[in-house]
Amino acid sequence: MKDYYAILGVSREASQEEIKKAYRRLALKYHPDRNPGDKEAEERFKEINEAYAVLSDPKKRAAYDRGHLEAPEYRPEDLFDLFFQEVFGVRGHRRPPRGEDLEAEVEVELQDLLHGAEKEVRYTRLVPCEACGGEGGRRTPCPTCRGQGVVESYRQSFFGTVVTRTACPHCKGRGYLLAETCPACRGRGRVPREERVRVQVPPGMDEGHLLRVPGYGNLGPGGPGDLYLRIRVRPHPHLERQGPDLVYRLRLGLAQAALGARVEVPGLEGPIPLDIPPGTGHGEVFALEGGGLPLPGGRGRGTLRVVVELAVPKKLSPKAQKLLRAYAEEVGEEVAPEGFWERLKGFFRK
């Protein structure tokens, strides 16, 4: 994964204002118009815009910081639009804007992450209103900007006349006003619609990972945005996840721990036999290599760690008590005398 902070030359703790300032400085320095024919500067410009597109969005930045964001893909026109918007305050080349990106959740079972799985996700996105064709109503050109969406202001400087283009405040950069509002969408031009999309969840995905589905965000005049699916892993009844490794807490009886036993532990592909050697103590760990989840880059699988927890019985039958007392006497361990606790309880009841 690229280091977007290094690309912009800022620290991981940088504020949004510091990130924006660094972006503007670098974007102006490496803009293709200032470096004609320089392929290296062109690639640098793309990287700078890609880094800013992620770090300027709080949600994407948080996911990136956790290592849960897939490498985004941007069209060249998107990067130039971002440059014009952030540096000059207007959209470059007057290209219609894409729809907004969306975020939804996809729930998976722990077993799904072993080989990957196809999942269907339901979510709601905005689509063009059929009643008005997505126009929001009957349009009329904005008289302030004459349908251009931008206004120009002029000022004299030492270098001559400086022209500044900004979004038209009257129509908010749209270039038109609504003479009549569509009742179906109330002038918004878009209406919500429930959608379904089937996605392939790759093996070994982390909890909270953002899975990008291009073109399934809100629809806008310039095309759709993207859909980001946040991975949610349902808790397993027996196994805990620790990265690519799994943990199973095995409760052993005193006799099993002392004498040894053959047990079965739950695995993602079925029960796994495990031989417990005599004299196993509380907290001992047995590592079953390859019993975990897939490692990044197809480098095998993690480990299933079996942690022993001794189950001390709270109640014993008279026969079991007798056997344990005989064992304690054999090994020289001092225990409470027979009937001690009953006599003590009776004392406090008086």
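Going from the start of the chain as shown, residues are counted 1 onward.
Cβ atoms are placed via backbone N, Cα and C, with glycine included.
Among the features that Swiss-Prot reports, Zn(2+) 1 binding site is placed at C129, C132, C182, C185, with the record citing sequence analysis. The Cβ of C185 (Zn(2+) 1 binding site) has 21 other Cβ atoms within 10 Å, all protein chains considered.
Sequence-distant neighbours of C168 (Zn(2+) 2 binding site) (same chain, 6+ residues apart, CB-CB distance under 8 A): C142, T144, C145, Q148, G149, V150, V151, R174, G175. Annotation comment: Swiss-Prot describes C142, C145, C168, C171 as Zn(2+) 2 binding site.
What Swiss-Prot lists as domain 'J' is 3-68, and the listing cites sequence analysis. For the domain 'J' (3-68), the model's pLDDT averages out at 87.
Feature annotation from Swiss-Prot assigns repeat 'CXXCXGXG motif' to 129-136 (among others). Sequence-distant neighbours of the repeat 'CXXCXGXG motif' (129-136) (same chain, 6+ residues past either end, Cβ-Cβ under 8 Å): 178, 181-185, 187-191, 221.
Same-chain neighbours of the repeat 'CXXCXGXG motif' (142-149): 91, 94, 167-171, 173-177, counting only residues six or more beyond its ends whose CB sits under 8 Å from a CB of the stretch. The repeat 'CXXCXGXG motif' annotation in Swiss-Prot covers 142-149 (among others).
The residues of the repeat 'CXXCXGXG motif' (168-175), classed with DSSP into helix (H, G, I), strand (E, B) and coil, number 0 helix, 0 strand, 8 coil. The repeat 'CXXCXGXG motif' feature in Swiss-Prot is assigned to 168-175 (among others).
Beyond the ends of the repeat 'CXXCXGXG motif' (182-189), by six or more residues, the same chain brings 128-132, 134-137 to within a C-beta distance below 8 angstroms of the stretch. Sequence annotations record features per position, and here Swiss-Prot assigns repeat 'CXXCXGXG motif' to 182-189 (among others).
Under the heading zinc finger, Swiss-Prot lists 116-194.
Beyond the ends of the repeat 'CXXCXGXG motif' (168-175), by six or more residues, the same chain brings 90-91, 141-145, 147-151 to within a C-beta distance below 8 angstroms of the stretch. Around C182 (Zn(2+) 1 binding site), the C-beta neighbours below 8 angstroms that are at least 6 residues distant in the chain are C129, A131, C132, E135, G136, G137, G189. Distance between Cα atoms for C185 (Zn(2+) 1 binding site) and C171 (Zn(2+) 2 binding site): 18 Å, as a whole number. The Zn(2+) 1 site, placed at the center of the C-beta atoms of C129, C132, C182, C185, has further neighbours from the same chain whose C-beta lies within 8 angstroms: E130, A131, G133, G134, E135, G136, G137, P183, A184, R186, G187, R188, G189, R190, V191. Of all the binding-site residues listed (C129, C132), C129 has the fewest other CB atoms within 10 A of its CB.
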